[in-house]
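Swiss-Prot annotations:
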| type | residues | note |
| --- | --- | --- |
| BINDING | LYS11, PHE59, ARG87, THR93, ARG104, ASN114 | ATP binding site |
| ACT_SITE | HIS117 | active site, pros-phosphohistidine intermediate |
Amino acid sequence: MALQRTFSIIKPDAVAKNVIGEITTRFEKAGLRVVASKMVQLSEREAAGFYAEHSERGFFKDLVAFMTSGPVIVQVLEGENAVAKNRELMGATNPKEAAPGTIRADFAVSIDENAVHGSDSEASAAREIAYFFAATEVCARIR
């Protein structure tokens, strides 16, 4: 097992439902440590830049509109196999297909408003973390 960092977004729908603490608690109970966290209101430019890989997809405009519809929580999580662990906790992208007890099964209502985002690889995590956090904003958790 390897100590990794991954990136997480608690999306506008989950922030509006006031379940930020419940979601973060799930990360922590699974052995992931929050090493950076902040609430941000994404601009269209920021959201479009973050999701640029989807810019040619039919859902892109709706995705950008959703991600700018309210504040989000961006976080860096650290732990053993953090990328895979976070993806397991989130559940399937479509909450109707997500296993019971996963974040999306419990808090999401649709594939479009699915509560959370998580990096899909270590390379994506590094890129996504750098998009939102300066190196000085990510804190070592040695205690």
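Just so you know, glycine gets a Cβ as well, placed from its N, Cα and C.
Positions of Swiss-Prot features highlighted on the structure.
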{"residue": "LYS11", "record": "ATP binding site", "DSSP (3 states)": "coil"}
{"residue": "PHE59", "record": "ATP binding site", "DSSP (3 states)": "coil"}
{"residue": "ARG87", "record": "ATP binding site", "DSSP (3 states)": "helix"}
{"residue": "THR93", "record": "ATP binding site", "DSSP (3 states)": "coil"}
{"residue": "ARG104", "record": "ATP binding site", "DSSP (3 states)": "helix"}
{"residue": "ASN114", "record": "ATP binding site", "DSSP (3 states)": "coil"}
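Spacing of PHE59 (ATP binding site) relative to HIS117 (active site, pros-phosphohistidine intermediate) is 16 Å (Cα to Cα, whole number).
Straight-line distance linking the Cα atoms of ARG87 (ATP binding site) and HIS117 (active site, pros-phosphohistidine intermediate), rounded to a whole number, equals 9 Å.
The number of other Cβ atoms within 10 Å of the Cβ belonging to THR93 (ATP binding site), over all protein chains shown, comes to 14. You'll find the Cα of LYS11 (ATP binding site) roughly 7 Å from the Cα of HIS117 (active site, pros-phosphohistidine intermediate). If you take the C-beta of ARG104 (ATP binding site) and look for same-chain residues 6 or more apart in sequence within under 8 angstroms, you find MET90, GLY91, ALA92, THR93, ASN94, PRO95, ALA98, ASN114, ALA115, VAL116.
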